[in-house]
Amino acid sequence: MRVIRSLLLLTIAIIGSVLSQSSIDDGYTVFYSQPDNYYVKPGTFSNGVAQAIFSNEMMTTGWSFMSISSSEGLYPNDIIAAGAGYLEGYISQEMIYQNWMNMYNNEYHNVIGSDVENWIQENLQYLQTMIDSAPSNDLYWQNVETVLTQITYMQRGYNQSVIDNGVDASQSLGITEFFLMNMDGDMIDLGPALNLTNGKQVTSPATATSPKQAFKEFMRRTGHCSALIKMTDDLSDLFSGHTTWSSYYEMVRMFKVYNLKYLFNGQPPASKVTMFSGYPGTLSSIDDFYLLDTKIVVIETTNGLMNNNLYHLITSESVLSWIRVIVANRLATGGESWCQTFSLYNSGTYNNQWIIVDYNKFIKGYGALDGTLYILEQVPDYVEYGDQTAILRTGYWPSFNIPFYENIYGLTGFNETYAQFGNWFSYQASPRSMIFKRDANNIHSLTQFQAMLRYNNWQNDPFSQGNAGNQISSRFDLVTADDPNNQYLDPDAFGGIDSKVVSADMVAALLVNAQSGPSHDNETPFTWNSQWNQKYTYAGQPTTWNFDWMTMSLQSMKPASPSSDSSSDSTTFN
């Protein structure tokens, strides 16, 4: 075990939350010189390896924005990946450090276990062996190699920024820290697996001795999220949306656009542009929410494992979820091919329900063709997926952290937790399932869809059972600890931390509407008050979260325009 500069870094992190910049720049360019040198200059220059637009508007919008594009036809894949990573690490060093310190202090309690470090090294050795032994024209491993190159050089650019900008050397980070930021979702399952391997006691929802302990473990293992795919009754539109559930200390947010002009075997990948809600220092969303230029939307919510029966199947000789989703996004031409690619080299970590919406197969006024909606669910050593467009044609597809496929439901231990604790663990009758059944088919516009994804009206909604955590965008900070009816939930700075939505027209135009922070449509905006600011580090965040919707495009973010039909909308559910 190693303890890393805890008290000093905690102090710096808190100071950083006050000093964090709120500026919009005119762009940056990264240049390459032989044999392996990269340097960053302000401004955008077409002869560089890659160009970036970056703004940190956390204090005014709840978001930062990063758009990185590579120059076309000038450099090979390894230099494009290295340059893009170096550039991002260099210009967003402050925010990466804030994100890491919030995670390090709150999640790892200032200690990284040697078992985690060793597993990462074993996994990297496996990946390098597979890359080296794969045929030179193997698309999968070529793409994995670019991902590893990008993160390696992100760390290098980050540390060079620390040096060049006179930042305290204690802020330098190793490759382990960068991998842990990207593995945040995978650690939900890898952490318990390593603990069991080391002979430690691991409580699961299935072995809990009380409903409250069971639900606490359930939330820890399935902390992400709510999602909804909604086809309007007149078949004129198809909405896709996602609300991330997470600890509030993780609200240092960065919406990202990658437009990296790779050529694999002389051809570009199916998808060249990826837009996603993410975090400083991460190459994947982790939420997850992606809009691709192939007109495919990729979303997930976490199912998790309710028992410990499958953790022994997790091995370092696999590809972690955060890498597999990047590769699948690039190579997929539709829902089925996405599922086929993602299923390869299953790590058994971050066991999610993946929702793949192919807008190429949605026809306005006609509806959804077969293949519009694919659903994939994963557990260690097993993946199941299929075309679920028929369900979408009934009006909507909901997702709320409970498995859809019967085999997955059984393998993950939900049968046992349902038998013991009832409808909290029921696909058909859990609180969010019932809310979607009641309200989803009352959505007719984008404004209403946004309101649904941000929905929290726990005081008046009977399905909340008097609890602010039982809503589409939960607010566990509002849970009343001494409520005699509350046998399940404890108050915590945890809940829905954002929402992202698209319509058919927005997908075609590569636009995303996004709102950051806990839901405040019907509730008081969340504030880091004395109840929470002494319990958690929240470097880089505003004190109060009261922000509106933003529209993200390829090169900017701006306040979202009111929907043209908003005047006639009724956005009150329940």
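Cβ coordinates are placed from backbone N, Cα and C, and glycine is handled just like the others.
Predicted, not measured: the structure shown is a model, and the values here were computed from it.
The secondary structure of ASN159 (N-linked glycosylation site), as reduced to three states from DSSP, is helical. Other Cβ atoms within 10 Å of the Cβ of ASN159 (N-linked glycosylation site), summed over all protein chains shown, number 19. What Swiss-Prot records for ASN159 (among others) is N-linked glycosylation site, and it gives sequence analysis as the kind of evidence.
Secondary structure at ASN195 (N-linked glycosylation site), as computed by DSSP, is helix. The annotation N-linked glycosylation site is assigned in Swiss-Prot to ASN195 (among others).
There are 16 other CB atoms within 10 A of the CB of ASN415 (N-linked glycosylation site), with all protein chains counted. Residues annotated as N-linked glycosylation site in Swiss-Prot, with sequence analysis given as evidence: ASN415 (among others).
Swiss-Prot lists 1-20 with the feature signal peptide.
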Do me a favour and check the Cα-Cα span between ASN415 (N-linked glycosylation site) and ASN159 (N-linked glycosylation site); whole Å is fine. 48
